[in-house]
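Taken straight from TrEMBL:
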- 25-71: domain 'RING-type' (DOMAIN)
- 219-249: repeat 'NHL' (REPEAT)
- 264-304: repeat 'NHL' (REPEAT)
Amino acid sequence: MSAGPLTTWTLQNFLKETELNLLECKVCFEKYSHQQQHRPKNLLCGHVMCQDCVSSLARPQHFKLECPFCRKFCKSSETSDCLPVLHLSDIFNNMVSSVSGPETAGESAGSVAGLASAGLKLKGTFGGWGRLINPTGVAFCARAELVAVVHDGKQRVSLFTPRGELVKQFGPNVDSGIRYPLDVAVALNGCLIITDAGDRAVKVFSSDGRNIMIVRDTFCLPWGVSINSQNQAVVTDSEAGKLVLLEVDFHKGKLKQLRTLCPNLCHPRGVAVSQSSGHVAVVEHLRNKEKKCSGTRLKVFNSQMQLISQVDTFGFSLMFHVQLRASAVAFDKEDNVIVADAGNKMVVSLGTLARFPSFTPIITYGLLYPVGLALMGLNSVIVLDSGNHSVNIFDFL
């Protein structure tokens, strides 16, 4: 008769001891979580501490830190995520809610962050090597409710349902097709605008794969593309360092307007346009004196293309102790700036321009190398992951 209560009491104590001894940093005594500053990091010696403590203990001269437990030295760049602790934290959070009493569960749920701390949950994933090969761009067609992906397969463009069912493929690597697509956007009428680095062109296709028009001899290296509320395409030219506006007559297959919106950018790649405010966000890839990548910079312009805010990798690290390396950008329905961070394998919200930049991780698990973002409806985010050649759909909790 007493076995049930005794077992529950013993399990509650076990969970409490686990939380105190395994799920908190022994340097600052903060709980480990999926948030970047509290992620558990493995040192070379085998001991574990949170990212915030690694950053604090690293000496600025050579970025080495001395393990406070065994006194062995380790470079901060040689640390890695302690995935077993993160997984244990997720399991612990689920067990607490099922076996603890109301008071204990309430206390522990607030102190240990599980997958819910990211703000979104994984709804579905599809693709994988073979169906998608080295994907580079993703967009959502609200009109047909299809996910468009450009990649390096024999057929460069694949259209899927949100459940992962392949509807259509087109764009073979031939003279009249697509050579090396980098990004894709969907116009309001369902047409696809694709940047093709293979022949330095922007190509427009109907939803059934029919080529409508090709804009050549204008771009040095077209990269990112997005659609504004006037159904115009905004394209980044990474090599020329500029942002270009394209207005296309989709019915006649003619170019109505082509003009430079913003010159003098530093290797711009990702671009996003807010459908509500008209704000434009551009991801620049910075170069040092040796012409090597030294980080990224995110610039946000208003609808008149006046610069209203910007932040780079170095400045962001001073504010939030995170080396943000933006690989894709988008706006949500509330005009929050959403950024994919390939270096840290996560997706974060930088907030609206009223409090830009803030730092709210919204997807911190399950990603290898996110390179594309798209909003689907009001509550879903599509993340293109080139690390495992997949499309991942997350829903807000």
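Using N, Cα and C of the backbone, Cβ positions are placed for all residues, glycine too.
As a whole-number mean, the pLDDT of the domain 'RING-type' (25-71) in this prediction is 85. Broken down by DSSP into helix, strand and coil, the repeat 'NHL' (219-249) contains 0 helix, 19 strand, 12 coil.
Across the range of the domain 'RING-type' (25-71), the DSSP-based residue counts are 10 helix, 10 strand, 27 coil. Broken down by DSSP into helix, strand and coil, the repeat 'NHL' (264-304) contains 0 helix, 23 strand, 18 coil.
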